[in-house]
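S.K.: Right, I'll just put the structure down here and ask away after.
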Amino acid sequence: MEGKVTGTPRTRPTGSPRPTSRQRRTTRPIRAVLTALTALLSVVAAPATARAHQEPKAPADFVSLRAVDPTILQDMRYFTVHNFVGERIDGYRRPLCLLTRPAAEALHQAQRRLLRQGYTLKVYDCYRPQRAVDHFVRWAEDLDDQAMKREFYPDVDKTRLFTDGYIAEKSGHSRGSTLDLTVVELPARPTRPYHPGQPLVPCYAPQDERFPDNSVDMGTGFDCFDTRSHTLDPRIQGEQRAHRLLLKSTLESLGFVNLAEEWWHYTFKPEPYPDTYFDFPVSTASLTCAHRAG
């Protein structure tokens, strides 16, 4: 029947003394103290646990390029899925270009010179955390993953990516003064976004056939794993060669050094951190407040 409790009543074991009222009064304060101590310890331990999981921060002389020169275009490919891996790369929390201040200020000077000639710089990648490089290495070791081969490494066997120098366990980008970039003629044309699954075209195809990019014609697309990407490859002539030399001469006059195997790859010298490979994420939160922008 509803409301009726049935069963065997609970009995005190034979010989067990009943607690006195004084014992009950003494036990309650002890429990209260223990509860309070437990709560206090959990509050104290929480910040320590949080500190143990905090992301590393950038040194004070790292800046967002947009804070130094907002006119330089940014097309941060590793924040997107349109790259040789085919997915967003580890460590890219925001589509930002982060650099050491000396590199960013030198790039600003290069931009001023190019603007007077009717061009603008556009960056594809800047500081790259070590975790992103580790992502590249894992991908290169997975020989079954060749989803983006037709565009980015059509003539290179994936087993040779390490041997041929396309992938390495360390990158100068992680030191903060290296970047990948191109030149865009003004006014900059809008570009069509990449849609996963769309047909891929080799990165060395004629400009009007390969992935649309508002860059001037450099002879190949960005991140093209091919010897045609070598800055002075003899097959690159005419307007394409002139564009590469425009970028090269402008940047080298301001302290940048080109990687001969990649027309887009430049390092500012002398580097503030020539032997340090950082791993803080690409995010405004990695910077000191004064150096954040966009």
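Numbering starts at 1 and runs along the chain as it is shown here.
Glycine is no exception: its Cβ is also placed from the backbone N, Cα and C atoms.
What TrEMBL records for this protein is below:
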ACT_SITE  Glu262  active site, proton donor/acceptor
BINDING   His173, Asp180, His265  Zn(2+) binding site
COMPBIAS  1-20  compositional bias 'Low complexity'
REGION    1-29  region 'Disordered'
SITE      Arg128  site 'Transition state stabilizer'
S.K.: Select one residue from Asp180, Glu262: among these recorded positions, choose the one with the most other Cβ atoms within 10 Å of its Cβ.
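M.R.: Per the Cβ count, the most surrounded site is Asp180.
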S.K.: Across all chains shown, how many C-beta atoms besides its own are within 10 angstroms of the C-beta of His173 (Zn(2+) binding site)?
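M.R.: The answer is 24.
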S.K.: Can you tell which of the recorded positions (Arg128, His265) has the fewest other C-beta atoms within 10 angstroms of its C-beta?
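M.R.: Each of the recorded positions Arg128, His265 was scored by Cβ atoms within 10 Å; lowest is His265.
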S.K.: Residues near the Zn(2+) site, His173, Asp180, His265 excluded, by Cβ within 8 Å of the Cβ center?
M.R.: Tyr124, Asp125, Cys126, Arg128, Ser171, Gly172, Thr178, Leu179, Leu259, Glu262, Trp264, Tyr266
S.K.: Hey, how far is His265 (Zn(2+) binding site) from Arg128 (site 'Transition state stabilizer'), Cα to Cα, in Å?
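M.R.: Rounded to the nearest whole number, the Cα-Cα distance is 13 Å.
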S.K.: May I ask for the distance between His173 (Zn(2+) binding site) and Arg128 (site 'Transition state stabilizer'), taken between their Cα atoms and rounded to an integer number of Å?
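M.R.: Approximately 5 Å lies between the Cα of His173 (Zn(2+) binding site) and that of Arg128 (site 'Transition state stabilizer').
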S.K.: Using C-alpha atoms only, work out the spacing between Arg128 (site 'Transition state stabilizer') and the residue listed as 'active site, proton donor/acceptor' and round it to an integer in Å.
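M.R.: Checking the Cα atoms of Arg128 (site 'Transition state stabilizer') and the residue listed as 'active site, proton donor/acceptor' gives a distance of 17 Å.
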S.K.: Please state whether DSSP places Arg128 (site 'Transition state stabilizer') in a helix, a strand or coil.
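M.R.: Arg128 (site 'Transition state stabilizer') sits in coil per DSSP, no helix or strand.
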S.K.: Can you tell me whether DSSP puts Glu262 (active site, proton donor/acceptor) in helix, strand or coil?
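M.R.: The residue in question, Glu262 (active site, proton donor/acceptor), is coil (DSSP, three-state).
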S.K.: Which three-state DSSP class does Asp180 (Zn(2+) binding site) fall into?
M.R.: strand
